[in-house]
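Feature list (source: Swiss-Prot):
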ACT_SITE  C410  active site
BINDING   52-53, Q130, 176-178, E196, R201, 242-243, 263-267, 273-274, Y322, G492  NAD(+) binding site
REGION    1-20  region 'Disordered'
Amino acid sequence: MSNPRHNEREVRSPRGDELNAKSWLTEAPLRMLMNNLDPDVAERPHELVVYGGIGRAARTWDDFDRIVATLKTLNDDETLLVQSGKPVGVFRTHKDAPRVLIANSNLVPHWANWDHFNELDKKDLAMYGQMTAGSWIYIGAQGIVQGTYETFVEAGRQHYGGNLKGRWILTGGLGGMGGAQPLAAVMAGACCLAVECDETRADFRLRTRYVDEKTHSLDEALAKIDAWTKAGEAKSIALIGNAAEIFPELVKRGVKPDIVTDQTSAHDPVHGYLPLGWTVAEWRAKQENDPKAVEKVARASMKVQVQAMLDFWNAGIPTVDYGNNIRQMALEEGLENAFAFPGFVPAYIRPLFCRGIGPFRWAALSGDPEDIAKTDAKVKELLPDNKHLHNWLDMAKERIAFQGLPARICWVGLGDRHRLGLAFNEMVRNGELKAPIVIGRDHLDSGSVASPNRETEAMKDGSDAVSDWPLLNALLNTASGATWVSLHHGGGVGMGFSQHAGMVICCDGTEDADRRLERVLWNDPATGVMRHADAGYDIALDWARKQGLRLPAILGN
């Protein structure tokens, strides 16, 4: 029996200004869906896997074909509904409604666990959408680079006087998200040793210039890190190995990194974490044949790694969970103090969220890198005083290789996002850009996620697990006229631990797009300021007042 999720075909997004659909509002999701499965973008495109363990773009290849065919014929007063990667309906709406509404991996809370999801998954009744895999706005490892860079820079400010020169970061995982870490570290001025069990992933990061070197030897890796830090160089190396073995070995040797974190796919104990002592081939085979055995040994292995991270923390080394839920897995395995070290959001990122600042991103549907160069210049023009952002854009231009359609990630917030969107739309209208632009973001944003072990960890008012906020975010983006809106469960940290929403909007150069952009790109980050103001953060309260937000129960207006 053939596997409906495996096909050797190669998918790449169309380029240029010729339409394959009836309008750019349907061409945009078509191209971004296909871009998610570009072999230069996706982790395992032949299996529909984009990143993050089993984060898929469509449920089966037949469903992918149905989505593509439907988008090509969809009218501008119709909306396609996608249920866990399956196109289930087309309904008459109106021109300002989203062209696509997506719900992925959502389960009633009592059943929201990996065991139940995996049962549904085997029957082709569900699909894990991760965050940007099933919402068709993944742009490769660049999508997380700036957030990781901001995290490392803030860690440098807090712990090392704002200077990471001559220091190094230990981490694990070089997948779709973790692959950003070495480059982000180097951009922040540090060296990086990244442990990765799957050599093909390390090779992918080498090919796309996200990591500088590769080795199979821990001794060689440490020697290079030592030489680079002494010389004040910022370079990175991938070590082929198992983080659950390497981290404890470094503790045993008394090696002291300057920062420790991890971005293995620990959120998925079957498909995301190599058990200690296993080969990758053995692991892949047993994922299908004996997933319970894989999960049992993988969880025990995570406990070993987290214990090593605790040892680093107790030695005074800044250590953070980078949002893969590895502490939770270790806690469930009996490591009672697994949460002694913090997550990266409460440690370094939350003040940005309080101002609605997060991972704003855009992609050039033309496929021409020059369109991104022009939009980069426009960002600098509109935000002339943000030198930190200018520095990021300069480094991104120099260091980041585009994957698939050219794209840019750029952390900006409430008050700036809508200005950039309107400017990009004007550039499309006057012909400065060769084709429309799509603007989206990660689901990891200030108002679009409830994830008590990651984005909403340790909220000031204890509202970590309240998931009304991402639901309201999705509803508001739908009402505001985003081109497509998504609502997912389990991204980043796994089943039962998160709910989150995404949006993408197309700049097609029309005046209708101006109105939609102004609404969506104001309202979307404003929900983040609202959420944090409601939790009692002074930064958010002040920003809400400054931006004139009307928050009756919060500001009394």
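Even glycines carry a Cβ here, placed using N, Cα and C.
The structure, with features from Swiss-Prot marked on it.
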residue	record	DSSP (3 states)
G52	NAD(+) binding site	coil
G176	NAD(+) binding site	coil
E196	NAD(+) binding site	strand
A243	NAD(+) binding site	helix
S265	NAD(+) binding site	coil
Y273	NAD(+) binding site	coil
C410	active site	strand
G492	NAD(+) binding site	coil
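Taking CA atoms as the reference points, E196 (NAD(+) binding site) and C410 (active site) are 27 Å apart.
DSSP places the residues of the region 'Disordered' (1-20) in helix, strand and coil in these numbers: 0 helix, 0 strand, 20 coil.
Note: the Cα of A243 (NAD(+) binding site) and the Cα of C410 (active site) are spaced 30 Å from each other.
Around G492 (NAD(+) binding site), the same-chain residues at least 6 positions away in sequence with a Cβ under 8 Å from its Cβ are G52, Q130, M131, H267, G323, N324, N325, H443, L444, S451, R454, S498, H500. On its own chain, C410 (active site) has Q146, F360, R361, W362, V379, L389, W392, L393 as residues at least 6 apart in sequence with a Cβ closer than 8 Å to its own Cβ.
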